[in-house]
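Annotated in Swiss-Prot:
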BINDING   GLY68, PRO69, GLU70, SER71, SER72, GLY73, LYS74, THR75  ATP binding site
Amino acid sequence: MAPQAHDRDKALDLALAQIDKNFGKGSVMRLGEGVRQPIAVIPTGSIALDVALGIGGLPRGRVVEIYGPESSGKTTVALHAVANAQAAGGIAAFIDAEHALDPDYAQKLGVDTDALLVSQPDTGEQALEIADMLIRSGALDILVVDSVAALVPRAEIEGEMGDSHVGLQARLMSQALRKMTGALSNSGTTAIFINQLREKIGVMFGSPETTTGGKALKFYSSVRLDVRRIETLKDGTDAVGNRTRVKVVKNKVAPPFKQAEFDILYGLGISKEGSLIDMGVEHGFIRKSGSWYTYEGDQLGQGKENARKFLLENTDIRDEIEKKIKEKLGIGADVTAATDDAAPVEF
């Protein structure tokens, strides 16, 4: 047995040497050889969602799918991720296939609209080709495609109304994702695909809901987020926002099926302060007695809205609560580029 093992080791060494010669050093390596770096992430803007994702945000160099019903907060979640990437000095691009991006709203969420790269392509092929070229440049930190449903194949645009184009969009997405995934990993770019829901006809058992663009995106996505509006927030009789639930239905970088709930306020986006209050109460840092919220003996306010306003005005207390929650849960976000000499940025 020993001579055979020696021969196998020798044959493997020869094969590895030949591979290194043909394809460059490091083309094949043993998994335990290098020091494994923690997965770099981009925060989502909601501490509850960062915790549900298990690593503190959306993973870099991966495909992320955000889907849900209309007006559930899909684009808002994506824009908050863009704002956080830009805040750390990153470059962001937005492929607006729906031609519906509101620059004023994006600005209110913290997006640097002057620096944001925007494309409003005519066809699905053009949109995905632009996305692929931007990713391969290696300069991008985050790219958002809004939405997959709006990526209309050229043949469909040039054809007549009523023409059948079965499977064109699915084939387009499958080809694009095959090309993109390797480039995403090499460049450390996070690609967010926003998707819409459709209903399958004739489904008797199970959910009839499905997403557009075929099955390729489901397979290539490292993270899939199901965004749902569960409640309307009111100030008296006026609707001021939505209570949103996000379920992590797929997660390749941490345990899946966790849920997060947070408030999205109209015109303001995800309420960071609201998320901190919810998480603070859950983990015992903030005490709720009746309708009053207190932190270390100091009253934050009566009712969640007053407590939110207090934290908005007193950023030092807000930052202190956030730090304690993140320390307890062991999450911290590194949104820097995936390079050896880059210093990590702690959030």
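Note: Cβ is positioned from N, Cα and C throughout, glycine not excepted.
Because the structure is a prediction, the values reported are computed rather than measured.
Here the features listed in Swiss-Prot are painted onto the structure.
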{"residue": "GLY68", "record": "ATP binding site", "CB count, 10 Å": "24"}
{"residue": "PRO69", "record": "ATP binding site", "CB count, 10 Å": "14"}
{"residue": "GLU70", "record": "ATP binding site", "CB count, 10 Å": "8"}
{"residue": "SER71", "record": "ATP binding site", "CB count, 10 Å": "11"}
{"residue": "SER72", "record": "ATP binding site", "CB count, 10 Å": "22"}
{"residue": "GLY73", "record": "ATP binding site", "CB count, 10 Å": "24"}
{"residue": "LYS74", "record": "ATP binding site", "CB count, 10 Å": "25"}
{"residue": "THR75", "record": "ATP binding site", "CB count, 10 Å": "25"}
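Residues GLY68, PRO69, GLU70, SER71, SER72, GLY73, LYS74, THR75 make up the record's ATP site, and a Cβ search at 8 Å around their centroid adds VAL227, ARG229 from the same chain.
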